[in-house]
Amino acid sequence: MNFIRFYFHKRVWYSSSSSLPWISPLQILKDSAMKADHPTQTLNNNSVEARRKSKYISHEATINLIKNEKEPQRALELFNMVSEQKGFNHNNATYATILNKLAQLKKFQAVDAVLRQMTYETCKFHECIFLNLMKHFSKCSLHERVLEMFYAIQPIVREKPSLKAISTCLNLLIDSNQVDLAREFLMYTNEHLKLKPNSCIFNILVKHHCKNGNFESAFEVVKEMKKSKTSYPNLITYSTLMDGLCGSGRFKEAMELFEEMVSKDQILPDALTYNVLIDGFCRGGKVDRARKIMEFMKSNGCSPNVFNYTTMMNGLCKEGRLEEAKEFFDEMKTFGLKSDAVGYTTLINFLCRAGRTDEAMELLKEMKERGCKADVVVFNVLLGGLCREGRLEEALRMVENLPYEGVYLDKASYRIVLNFLCQKGELEKATKLLVLMLGRGLIPHYATSNELLVRLCKAGMADDAAMALLRLVEMGFTPAPDSWSQLTELICRERKLLFAFELLDKLVMKEFATSTICA
């Protein structure tokens, strides 16, 4: 069966001449109530309150209410309810909002019903609705549905899809490695829409071949571009090719291509194009070559940006050339460029690994002064640096105080300190940190928890071990057999049998509850 004809027959809802009756998306959700969670309330308080306060809900208010609604059925009820108002007709914006909401929540059956309703509307729709739906379907690996959304553009929008729509659809298919679908899609656009590929479409194909290491095919696409009357290789084309060649270690060919781009095609590189080469050489362990490219860049009137400096700093740091990396960091500030979190994190990370945590702490202070917000990755790097230098008290204070300063910490933050405390035999502090962690709703890694229990047992700290296990069990943790056997042996040896029975009861009840839920 012809590929295109198959889709036109499969999805009759997007035919404007369809004689099938309108099926309410609300009804579809009600019919599938046995298969999915079903909200008990009809409208949330915001929706009801909005109706009480005003006799008429505007399009803008409708959009805001739908966006703020978490339940798909309530969003649909609101969508249908406002259409009953005298003088109210849904427009492109309200349809775009409800479709985006349903697609976000993966209510694709309801999406189909809303799209079918759109075929009966007289208002003007824009293809952006379908580009957005394409992206949602692609995220869910529903690649054929991506194509369906493209084919729905012309019947509903009543205009041919633009080159942007073609580029979006093709890019989603190529990124998902749906080569066969992409090939048939291109044949369709050429045959039925009479649209010739532009540079953007050619560049997508170049990217695909480079990604797969098929440079021969990539250069064949470039040849076709040069023959075409509607496109020609541009900066993106050359940057994509050079990036692929550098990633494959073909640095000489990348540089030859760079020279061809400048001398033959008269295309001047920008900072991002230079960064392709700088990053490629740095990743290939050729930092000195990357540095020469940066010097060439400056001498040819192209000012380096933050990304260029950060890339060079990262490459130098990986080779242990911290002082040179700091020179680039200082030079960047001299030229008035404001480093981002990535640049600071790069330096902080390698300073900590080099045992220069105090310098890293100074950089953290500078970050705050310059208004650059440090994320949890930066703090985890610093915690690791402090612990490796044996500065466990400082690491503990940081873990205790940072949440009060509005800094989010994750499991890794606590695990870093907890592991070092166990290794150094600081078991009392480790137990206190465990209690703090559990009190904040975080459970340590399974191996970390068991290691702490075993170490407490080996140290003869029965009360601490039992307390730690009780707290962990309450949070859903099940000890390893080795941890449990050592703990019960220690408790029995100290004649604390009642404690052992209480622990056993808790574990048995937990296992019973788990097996009941699973059943």
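Just so you know, glycine gets a Cβ as well, placed from its N, Cα and C.
Beyond its flanks by at least six residues, the repeat 'PPR' (198-232) meets 163, 166-167, 170-171, 174, 179, 186, 240-241, 243-245, 248, 250 of its own chain at Cβ-Cβ distances under 8 Å. The annotation repeat 'PPR' is assigned in TrEMBL to 198-232 (among others).
Secondary structure of the repeat 'PPR' (234-268) per DSSP (helix as H, G, I; strand as E, B; remaining residues coil): 26 helix, 0 strand, 9 coil. Per TrEMBL, repeat 'PPR' is recorded for 234-268 (among others).
Here the repeat 'PPR' (270-304) has long-range neighbours at 235, 238-239, 242-243, 245-247, 249, 251, 254-255, 258, 311-312, 314-316, 318-319, 321, 332, 335, meaning same-chain residues at least 6 beyond its ends whose C-beta is under 8 angstroms from one of its own. Residues or ranges marked as repeat 'PPR' by TrEMBL: 270-304 (among others).
What TrEMBL records for 305-339 (among others) is repeat 'PPR'. Taken through DSSP, the repeat 'PPR' (305-339) splits into 26 helix, 0 strand, 9 coil.
Summarising the annotation, TrEMBL assigns repeat 'PPR' to 340-374 (among others). Per-residue pLDDT, averaged over the repeat 'PPR' (340-374), rounds to 91.
Taken from TrEMBL, the feature repeat 'PPR' applies to 375-409 (among others). A Cβ distance under 8 Å defines the sequence-distant neighbours of the repeat 'PPR' (375-409), meaning residues of its chain 6+ beyond its ends; these are 341, 344-345, 348-349, 351-353, 355, 357, 360-361, 364, 367, 416-417, 420-421, 424, 426, 429, 433, 436, 440.
Tertiary neighbourhood of the repeat 'PPR' (410-444): same-chain residues 376, 379-380, 383-384, 387-388, 390, 392, 395-396, 399-400, 403, 451-452, 455-456, 459, 461, 464, 467-468, 471-472, 475-477, selected by CB-CB distance under 8 Å and a gap of 6+ residues from either end. Among the features that TrEMBL reports, repeat 'PPR' is placed at 410-444 (among others).
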Distant-in-sequence neighbours of the repeat 'PPR' (234-268), which means Cβ under 8 A and at least six residues beyond its ends: 199, 202-203, 206-207, 210-211, 213, 215, 218-219, 222, 225, 276-277, 279-281, 283-284, 286, 289
For the repeat 'PPR' (410-444), residues assigned helix / strand / coil by DSSP: 26 helix, 0 strand, 9 coil
